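Per Swiss-Prot, these features apply:
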MOD_RES   Pro3  N-acetylproline
MOD_RES   Lys14  N6,N6,N6-trimethyllysine
BINDING   Asn123, Thr173, Lys177, Arg295, His327, Ser379  substrate binding site
ACT_SITE  Lys175  active site, proton acceptor
MOD_RES   Lys201  N6-carboxylysine
BINDING   Lys201, Asp203, Glu204  Mg(2+) binding site
ACT_SITE  His294  active site, proton acceptor
SITE      Lys334  site 'Transition state stabilizer'
Amino acid sequence: MSPQTETKASVGFKAGVKDYKLTYYTPEYQTKDTDILAAFRVTPQPGVPPEEAGAAVAAESSTGTWTTVWTDGLTSLDRYKGRCYHIEPVAGEENQFIAYVAYPLDLFEEGSVTNMFTSIVGNVFGFKALRALRLEDLRVPPAYSKTFQGPPHGIQVERDKLNKYGRPLLGCTIKPKLGLSAKNYGRAVYECLRGGLDFTKDDENVNSQPFMRWRDRFVFCAEAIYKAQAETGEIKGHYLNATAGTCEEMIKRAVFARELGVPIVMHDYLTGGFTANTSLAHYCRDNGLLLHIHRAMHAVIDRQKNHGIHFRVLAKALRMSGGDHIHAGTVVGKLEGERDITLGFVDLLRDDFIEKDRSRGIYFTQDWVSLPGVLPVASGGIHVWHMPALTEIFGDDSVLQFGGGTLGHPWGNAPGAVANRVALEACVQARNEGRDLAREGNEIIREASKWSPELAAACEVWKEIKFEFPAMDTL
């Protein structure tokens, strides 16, 4: 008989409860290139040793349960169990540890973010022996990432589709986010695109409400896109939110967007779920649609420093599940986002190979091989005075999205769009000439406003607006 299935009825098995660390804490283990590696921030209950806490995480997120079971003898735990292979204290924190866990690749279904998360962050987060638990990072091996399609198109293909190079893309979320009729909504889209923006956007909670049904919105937005393209000679788009109550309805909306000939649709990937998101990403690649991703609900999961899932993990999961854009914070706007941490997961979204760098919160070297990259979207409380910093922080491969910073212009939507486009072009030109955007940014904007009355008006309106609060999530 195979040693995996051999049992001895006369001996039976030793029933009862035993410490997790006896089986799942293996500091001598050498990780394999095919292992999925996880870094957990563990806060044990008083009296629980860190080795037992780390082993409990490895056990409960893989093959373990609370007691010994006779069916353990029917398989090879050494082959399938998760292993806590290293534990280190968190500097400056009492009774917090980083527990490193290795998972064999055979534990996970190919091409399924849903299955990966169900194992790694499933029941274990409610484990009583832990006061708190946070998944800080994952190392996804090429052997697993290659089972995913990833983004429908990626950064280079998107630039080729839009014929836009050498600068960040400009967007705008239509406001008020709820309450407009479809025709008035389309009018706002047209004015913003005509003024110089590349994209406009449905807000995350715009789906198909009584005041504006999705089909009407799609039709009027498509009309706005075609009219703005004819006037400007540029390719334009609007993120039509296909998020719906069922996957079938979501795909139906994406099909209608394709029939209208628009370039991009949108999905709320956390509230919609990874299964729905992956299905939509596959449809988008097959049918030539770009896919914009909103991260609504992320702060419920990632904002607390000692419990939940860090956004860098959610960003990696999105790259695997599929999306061409994803909101990534602004550093300088109204939403949470510390600079080094933000730049860490921005690199994880865009680059092919990212070295371990604990100063930016990156616990593992990540090799994406040929998986396409995702454009980070900076959105939330930003305006023209932020343009130099945003251009310097995010670089060309990004989308800078101004909602109130466009629609709040005193002269209207189109002048607001003009102001943002002029500010962006001025910053890109100054950077290309070798000027320091971080040091000379305000002067660059003032110089540009001398020949752009739209920019001058925007500068006056938002000269005193700041969002200066300490970040909750720090290294």
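Keep in mind that glycine also has a Cβ here, set from the backbone N, Cα and C atoms.
Annotation for Glu204 (Mg(2+) binding site): same-chain Cβ neighbours under 8 Å, separated by at least 6 residues, are Asn241, Thr243, Asp268, Thr271, His294, Ala296.
Annotation: Asp203 are the binding-site residues among Asn123, Asp203, His327 whose CA atoms are within 10 angstroms of the CA of Lys175 (active site, proton acceptor).
In this structure, the recorded positions Lys201, Arg295 were compared by how many other Cβ atoms lie within 10 Å of their Cβ, and the smallest count belongs to Arg295.
Highest Cβ count within 10 Å among the recorded positions Lys175, Lys177, His294, His327: His294. Following the DSSP three-state reduction, the secondary structure of Ser379 (substrate binding site) is strand. Note on proximity: among Asn123, Thr173, Arg295, His327, Ser379, the binding-site residues of the record, the Cα nearest Asp203 (Mg(2+) binding site) is that of Thr173. Between the CA atoms of Lys201 (N6-carboxylysine) and His327 (substrate binding site) there is a gap of 12 Å, rounded to the nearest whole number.
Those residues of the chain, other than Lys201, Asp203, Glu204, with a C-beta within 8 angstroms of the mean position of the Mg(2+) site C-beta atoms are Thr173, Ile174, Lys177, Asp202, Asn205, Val206, Tyr239, Asn241, Met266, His294. With the fewest other C-beta atoms within 10 Å around its C-beta, Asn123 stands out among the binding-site residues Asn123, Thr173, Ser379.
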